[in-house]
Amino acid sequence: MKNIILTGDRPTGQLHLGHYVGSLKNRVKMQADLENELFIMIADMQALTDNAKNPEKVSSNVLQVALDYLAVGLDPKRSTLFIQSQIPELAELTMYYLNLVSVGRVRRNPTVKSEIEQKKFGESVPTGFFIYPVSQAADITAFKANLVPVGEDQKPMLEQTQEIVQSFNHTYGDVLVEPKGVFPEKGQGRLPGIDGNGKMSKSLGNGIYLADSADVLAKKVMSMYTDPNHIHVEDPGQVEGNMVFTYLDVFGTDKEKIAELKEHYRRGGLGDVKIKRYLIDVLEAEFGPIRARREEYAKDPEAIMEMLKGGSEKAQAVAAKTLSEVKQAMGINYFN
Ligand code: TRP
């Protein structure tokens, strides 16, 4: 069956290894299946909902995210890469969807709720931020996506979208497609940061970025959280909660060697520097070529913007068609 897949990222920073294992790798895999049509969106409009006073942070990261996409192998010939703000149809759809969603319903969204708490917004939460799940429903439905691969935290957005689709179709007639969320398999979704404190994230400053040089990557691995009680090489060490082994489990291909290293580490006599050197090799094997491609693409930013322009035009044509069907169903297509 042909799938229409839509997903995206807020351009608030460069993408890191957490993004890579949690979503980018899977997108590249889906792209390889010719039955799949992919729309990959740089969600700058959504990023602006809590960065209104700092638009430069958002706009400057659009190119960075696009470079990350290309570097990991998303191919503009196969997937439509586009910028959300360049598709005004999405804002228009949002306005109509907002009428189908109560304030009480928006307030109950657990992800938005915890973000409001985290950011200490209280009553001064920007309205645009408060209702971004509705705008996300517009992103998804504009392309009639049936699959939306996202992280676990995006489950409430999918539920909200499904409700809007049901309400719209029930009220105005069958126009919209109800999407399904595709969530990472157990244990795949969340890569912890190098400090072992929760997931890798920009705000925690515990990330390894796709754009990091070989030097920076090596330094970050050397500073990784291991076993604080493993003081002398001879000491028995703990593998559980040791970020070097956590990362080896995620990125390593030689499972036998990793099992041996774990054994040795537990027994004692295997130093942190040794296992860190091995992890550096493992990461370089996967991310060295990605970094090299990124550097190549970064030489010609104009070509990247040109590619995004083409993708945005293509995306806009699709969204315009859906919007026209939406307006027709609502009976507000006065002039045609
Ligand atoms: N909320 C998503 C995130 O923070 C980004 C996003 C915006 C998105 N619109 C979307 C994801 C539509 C999937 C579908 O990562």
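Placement of Cβ uses the backbone N, Cα and C atoms for every residue, glycine included.
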Motif ''HIGH' region' per TrEMBL: which of the ranges 11-19, 110-118, 182-190, 227-235 is that? 11-19
Range annotated as motif ''KMSKS' region' in TrEMBL, from 54-58, 199-203, 254-258: 199-203
Of the residues L191, L210, only one is listed by TrEMBL in the ATP site with R10, P11, T12, G18, H19, G151, E152, D153, K199, M200, S201, K202, S203. Which is it? L191
Looking only at the motif ''KMSKS' region' (199-203), what is the mean pLDDT? 88
If you count the other CB atoms within 10 A of the CB of R10 (ATP binding site), including all protein chains displayed, you should get 21
Residues outside the motif ''KMSKS' region' (199-203) whose C-beta sits under 8 Å from one of its C-beta atoms, at least 6 past its ends, are 12-13, 16-18, 190-193
Binding-site residues R10, D139, M200: those with Cβ under 6 Å from an atom of ligand 1 are R10, D139
With a 10 Å radius around each C-beta, find which of these binding-site residues (D139, E152) has the fewest other C-beta atoms nearby. E152
State the three-class DSSP label for E152 (ATP binding site), counting H, G and I as helix, E and B as strand, and everything else as coil. helix
Does DSSP give L191 (ATP binding site) helix, strand or coil? coil
